[in-house]
Amino acid sequence: MDDGINCYVIPKTTGAGRNIFQGGSPLQESLPLLGVQLVLIVAVTRVLYFLLKPFKQPRVGGIILGPSVLSRHPAFKETVFPARGDPVLHTVATFGLMYVIFLIGVRMDPMLVVRSGKKGVIIGLSGFILPLAVTAVGFSGTAMASEPDVTRRSTFLFALATSLSITSFAVLSPILSDLSLLNSDLGRTAMSASMTTDGIAWLIMVGYVLAEAFLVSPVTSLWAFLSVAALAAVILFAVRPVALKVIERTPPGKPVDENCVFFFLLIVLLVGFYSDVIGTNSFHGALMLGLAIPDGPPLGTALGEKIDAMVSGLILPLYYAMTGLSTDVWCLHWGRLQLVVLLGWFGKLVGVMAPSLYLEIPLRDAVSLSLFMNSKGIVEVITFTFFLSNKLIGENTFSVLVCSSVAATAVSVPVAGWLYDPARRYAVYKRRTLQHLKPDAELRILACVHDEAHVPGTLSLLEASHATPQTPIGLYLLQLVEIAGRSAPVFIPHNPRRNASRIGAPGAPSTDFDRIINAFFRHELRHPEGAVSVHPFTTISPYSSMHDEVCRLAVEKRTSLILLHYHKRHLLAGGVHAAVGLRVVNRKVLEVAPCSVAVFVDRNAGCVGLSSFIPGPLHDYSGSSTGTGTRSASRPQFRAAVASLFFGGGDDREAMSYVARMARHPGVTVAIVRFLPARGIKDDPADRRVDNRAIEEVKALAARSRNMQVREELVGDMEKIVEVLRGLDKAGYDLVVVGMRHRWYPVMPANGLSDWSECPELGVIGDLLASSDFDTPYSVIIMKQQDQAGLNAAVPGAQDLWHGAPPPPRTMSTCPSGRAGVRIRNVVIILGKIFTVQTD
């Protein structure tokens, strides 16, 4: 008869105990206790994250709840985090974390290392090897004798040194995303380097599992190797082909079938179970499985939508809380371990900075990169928890490692974010404006489009810009796609020849962007050779950092104009559709653009607006065609009436320069409307002299052209300005171009309209014309000339130059308005705004 008796108390779930009306406590049962723990953990984590976010600090909610602060009081710990609740809390947290790790693998793009070139690989290897050597030496011999709760097996010490030397992609990607640096040059290099160290760390993990198995017997080590190889083979040759087949059978733009999503979520559980059985940890198996699933839509996006809301937002904080409950900062003591961790931090700093400087990365950026690479996060927490649960380290060493990681991240990330300013990359010291562009120089335009609705207006502007072999236009087309289902942003340069060869091929344009590209290639083929050149690109990134890609491409291609579409779209059925993400991109581009910027308000209502002169580009250009990639000898007649509003200043001079180029087009009639201040209103004499010089140049051009005129309007207040703007409807203009910033404050007091502005970044007049209340049928372009801080002082008269040229003589008739009888609606709301403005 067995003398020993093993007792196990089954924890209550709910409904079996006494409730509060019977004198009982619901927290004695597992489910109510888990609910209270969840609410408390999520609330504390969110509040601390909100408070510490401006300081770019890591999430420390778990440490606050642990014995370091709240759980130091016995009553709180016994009530909220009793020992009987630890198994349930740990199980739920580990279950959720497995799906989080799987999602991290899905969103990773291993090809990023290849696309980023050797720079990221070299920095990643150097930033791993040097700190590994330093920490390995620090852990060698009898150096760790002063740490009684650390296993001194050589294999474990090497694994510990490795965990302190890596920089995981899963840690670095959300940090760079929060700082809006994913699209920056430093962000791309950092992510490539982190993925390099991730690959090395995974190989070392496999080696560690095999070494631990070898301590049992060589045969066990062989079986462990075969088990890991079998897992990799099943994932690569069974699961991945199924994922590719699911993506292939999902129609473009349609969601993945729910059964398929459920199938892959179930596979995560099976892989996690198998990984635990063979000793590699369920997290490593989930990561391997995630890497085998193609990132992005449709499958990667669908899996992210299912996992993100519940697991990442609700259950992941549980794992951080479990870490904090095992961390006690009051029990820390200074020993050899802290010194080794500090040396590893400096080793990483030097290991990243040295190759960065060798690769000609600026010193300040190299320091920022090395600090970012010292970031720690969820991967380190998982590793330290694995060591603790397998009794390879004690709670004191665990607390030291966790606190060291938090301290390193708390110092590194804010300093790195403060040092690195991606806008410095976009500072140029040459004029890249339309005003200073020579008449026969190529006009390079970076046109940003979001979807097919932006194509007609962009094509109309290209046609109005009058491209000829003598005055060519180089169009760099950038489609803006919000990132979904992946972590790393993607920049795709398309092959112009391959797309051009597919124009007109049966069934060739299979995606939205294929149709968009082919529409612009059709536009290129409708012009003589050498007049228009189209270079398409795609950026897939978050809106918060998409401006980095726009500005980087503008610097690289030396463009003179960035064309952005207004974030509000006027619908055919009436009403306005607003894309908040596009406004974020527009505002940031306007702040740091390396050249001039134009914001296009396309009021394409079918029979009005500038876009009405481009007939159905997505159908006529991307559909069937008799020829494949051949130039058309005939082009549809293009006619438009354009007005430029000139109040004064660099932005208005830039707008007038663009309109002067349009006046060379035989089908475009142009009117320059200059607003002069009434007597008694003072303006800047220096600006007035520059403006007068520019106007005289335009008048000289108008005297030699039959389709260009200049007229002046005397105004004394905003009411008179609005009256003139309303009169543009009756004149039948299709496009109105105006500058963004005006220094004419006595007539246009910015503070008087700031409370009424929908988009103050467009300026007083630009916001007025773009407003949904100002109901006009013509399209609007608001232009901002390139900012050149210090250039005007260094080059006297830099803004005084005017590169205008008389257009070649031509005979044409004035373009009649195609909008006769269009009803001018009464803009009562706008006038209500204007009447509140106090004038001198």
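Every residue, even glycine, has its Cβ placed from backbone N, Cα and C.
Because TrEMBL annotations are produced automatically, they should be read as predictions rather than curated entries.
Among the features that TrEMBL reports, transmembrane segment is placed at 31-52, 88-108, 120-144, 156-176, 197-216, 222-239, 260-279, 309-332, 339-359, 371-388, 400-420. If you look up TrEMBL, you'll see 62-410 marked as domain 'Cation/H+ exchanger transmembrane'. Summarising the annotation, TrEMBL assigns domain 'Cation/H(+) antiporter central' to 475-607. Per TrEMBL, domain 'Cation/H(+) antiporter C-terminal' is recorded for 641-786.
Note: the stretches the transmembrane segment (371-388) and the transmembrane segment (156-176) are in contact (3+ CB pairs below 8 A, sequence gap of 6 or more). Same-chain residues lying 6+ beyond the ends of the transmembrane segment (120-144) with a Cβ under 8 Å from its Cβ atoms: 113, 150, 152, 157-158, 160-162, 164-167, 188-197, 200, 336-337, 339-341, 343-348, 350-352, 354-356, 359, 369-370, 373.
Residues of the same chain lying 6 or more positions beyond the ends of the transmembrane segment (197-216) and with a Cβ under 8 Å from any Cβ of it are 113, 124-125, 127-128, 155, 158-159, 162-163, 165-170, 223-225, 228, 278-280, 284, 287. The stretch from 31-52, 260-279, 339-359 that makes the most Cβ contacts under 8 Å with the transmembrane segment (156-176) is 339-359.
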